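Below is one structure, written out as structure tokens; comments come after it.
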Amino acid sequence: MEVGNEQGRAQGNGRSDTPAEKPRTSPCNSLKMFLVALSFAYFAKALSGSYMKSTITQLERRFDIPSYLIGVIDGSFEVGNLLVIAFVSYFGAKLHRPKIIAVGCVLMSIGTFIIALPHFIIGRYQYETSVRWVVNSTLNPSPCPVGSPSDLAQDRKLSHVPATACEGDSNLSMWIYVLLGNVLRGIGETPVQPLGISYIDDFASDENAALYVGCVQTISVIGPVFGYLLGSLCAKIYVDIGFVKMETITITPSDARWVGAWWLGYLIAGVITLLSAIPFWFLPRSLHIPGAQGSEKCTPEQTSFIKDPHSGKHKYPADQNTTFIEMAKDFIPSLRTLLGNPVYLIYLCVSIIQLNSLIGMVTYKPKYIEQHFRQSASKANFLMGVINIPAVALGMFSGGLLMKRLKLNIMGAARFAFGTSLIGYILSLFFFAMSCENAKVAGVTLPYISLDSISYDKHSVFAACNSDCFCSESDWDPVCGENGITYVSPCLAGCASSSGSGKKHSKWTSCSCVGVAGNFTASTGQCPEKDDCDRMFPYFLALSVITSFIISLGGTPGYMFLIRCIKPQLKSLALGFHAMATRTLAGIPAPIYFGAIIDTTCLKWGQKRCGGLGACRIYNTTAYRIAYLGLTLSLRSISFIICIPGFILLSRQLRKEERNAVHGALANGGTELEALRKEEFVVSNSDQSQQTADRETRL
């Protein structure tokens with residue numbers, strides 16, 4: 001009672017001298033603090049990653065590069081991950097995990113700032129336009145110059161004035177900075193996932209682990225909502241805002257030459273990522289687990305599935321100091337044990353193939369919306385952030401909640417993930433029916449001699465109506481004729497004069513190739529042929545939301561299956577190796593070969609000022625749709641086939657482990673019974689001896 005009173009007085013004074021009262025923060029509160037910090041880090045890295053994907057078309061146009069090079073830049077993030085993922089996952093799990101995550105967040109922010117650096121180094125953005133030739137020109141040449149050969153030669157010289165500074169132009173190599181910054185982002189992101197998830201799973205109770213992981217994964221999907229919204233906002237702002245007079249800019253955000261303020265979003269994302277590093281510096285290396293919880297860490301599924309009897313203990317506890325050599329010696333045997341698990345290998349193969357499909361689809365989905373449904377980059381990013389991504393977040397969270405409510409074991413989680421993926425695959429087949437007719441562009445999708453039906457044969461941009469004009473076939477400065485046909489440039493439309501200049505420029509007159517009932521005028525920009533697409537686009541968005549939700553339902557159960565199909569002491573290594581393999585074989589190649597295939601559907605390439613092909617201006621939308629959707633669904637079909645032997649192996653393994661558990665229980669029961677009989681026999685003999693001694697004493 002005196003001890004209890006002393007403890008009560010100590011608590012009443014708000015302090016205690018006993019070691020038991022020393023930690024002020026309970027393990028539960030520390031774990032919740034770590035969960036909040038990790039969620040913010042996931043949010044920051046997801047925001048910057050999704051913003052990178054939202055700027056794909058902006059980077060293409062700014063640096064005049066094709067889609068496959070954008071794929072190389074996007075895949076460089078995974079290269080940075082690959083460089084350090086195995087070592088960080090294995091050795092980081094035995095060191096101070098929160099501080100390693102903090103260092104990673106700092107590196108991510110530095111890499112994000114480096115991506116924005118080229119904007120402040122290179123000159124102002126110059127796009128192809130015919131209007132610039134008229135503004136501030138004493139010669140005031142017409143778009144379609146007609147005259148003597150000497151006059152044409154003079155016009156040729158005038159039109160190529162911007163190319164004189166070509167040798168000093170560094171635009172061609174500036175995308176290297178974007179690539180290097182993305183590599184550094186990948187290096188910094190490495191410890192966040194494997195060390196963060198393993199930390200939660202180590203110190204959270206079994207019934208809460210799935211829910212906590214689901215919460216973190218949900219936050220990681222909410223991040224892209226803000227990333228795409230930020231991309232939408234920046235895409236509306238002209239790239240050189242504040243450095244040029246906006247009244248001199250003749251293009252709009254819906255123009256294929258428009259470049260938004262892509263650099264601004266990277267500065268914002270870099271600051272947010274830097275702030276996410278702060279909480280991890282103040283979190284403990286490990287948390288105290290109560291004896292009952294710590295000794296019974298494995299779930300019933302793990303107990304019956306994992307062969308190692310010491311499944312609840314790590315070989316190197318987090319609070320135990322071990323040398324680097326000791327940890328290194330155990331690396332190869334641990335990796336061999338991990339890869340010797342056939343279920344893990346099947347899961348790894350399925351993940352690689354499905355992520356190839358997912359990464360390729362997500363990377364170029366905004367571009368698909370822009371090109372196929374003729375939406376601006378700003379609107380495409382806005383729709384991705386507001387409609388599509390929230391459906392994914394809701395699906396991830398619902399999947400974790402369902403797994404907890406249904407109390408799914410390993411087989412149940414695998415079946416759930418497979419079923420949702422299969423339903424989403426079937427629904428995705430309907431995307432093939434949602435098509436839009438290609439834009440009508442004379443000399444590209446329509447021959448000049450027949451402007452009635454679209455044809456994808458090789459056409460010439462030159463015709464009799466513009467044969468007297470001195471035109472360049474590489475220019476892209478589209479105008480819309482009164483006949484509803486888009487022409488590549490005012491010159492190729494045969495326009496002899498214009499009305500207005502600069503921002504107020506709107507009409508081209510005396511266009512010999514237009515010629516509709518004596519009206520030979522054309523207006524700046526492509527013709528707004530969007531009737532069929534406007535009707536189809538809402539159905540595309542609705543189906544996209546439904547399929548995204550259904551597929552993401554299996555995300556959390558699939559991830560928990562990965563954690564529970566291996567030995568607990570190999571958890572960090574398994575997560576790290578899984579991340580390394582998927583990044584190497586999916587994250588790096590998928591954007592590259594998806595981009596290369598998309599490039600094959602280009603109908604009109606832009607021209608660099610220094611020569612060579614630039615960014616694509618218009619695509620064959622039918623070929624684009626077949627290539628993009630066909631490749632995505634073909635990869636998922638292959639993954640379903642591989643799942644069949646995976647389910648067979650998993651079922652056999654579970655039955656085998658169940659039999660071993662039953663035999664072990666029976667063997668232990670027999671041993672205990674025999675020991676009990678021996679104990680009873682000894683007790684019986686001692687009682688008899690005592691009774692004999694008592695009789696002798698009485699005698």
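Using the three backbone atoms N, Cα and C, a Cβ is placed for every residue, glycine included.
Quick look at what TrEMBL lists:
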DOMAIN    34-655  domain 'Major facilitator superfamily (MFS) profile'
DOMAIN    459-512  domain 'Kazal-like'
REGION    1-26  region 'Disordered'
TRANSMEM  31-48  transmembrane segment
TRANSMEM  68-93  transmembrane segment
TRANSMEM  100-122  transmembrane segment
TRANSMEM  263-283  transmembrane segment
TRANSMEM  344-362  transmembrane segment
TRANSMEM  382-402  transmembrane segment
TRANSMEM  414-434  transmembrane segment
TRANSMEM  536-563  transmembrane segment
TRANSMEM  584-606  transmembrane segment
TRANSMEM  626-650  transmembrane segment
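A contact links the transmembrane segment (263-283) to the transmembrane segment (100-122), because at least 3 Cβ pairs that are 6 or more residues apart lie under 8 A. Taken residue by residue, the domain 'Kazal-like' (459-512) breaks down under DSSP into 6 helix, 15 strand, 33 coil. Two recorded stretches are said to be in contact when at least 3 C-beta pairs lie under 8 angstroms, sequence spacing 6 or more; the transmembrane segment (536-563) and the transmembrane segment (100-122) fall short of this definition. Tertiary neighbourhood of the transmembrane segment (344-362): same-chain residues 53, 338, 421, 561-562, 565-566, 574, 578, 581-582, 585-587, 589-591, 593-594, 628, 631-633, 635-636, 638-639, 642-643, 645-646, 649-650, selected by CB-CB distance under 8 Å and a gap of 6+ residues from either end. Long-range contacts of the transmembrane segment (584-606) within its own chain (CB-CB distance under 8 A, at least 6 residues past either end) are made by residues 61, 64, 66-72, 74-75, 77-79, 81-82, 128, 257, 351-353, 355-357, 359-360, 363-364, 367, 441, 444-445, 456, 476, 488, 613-620, 623-624, 627-628, 631.
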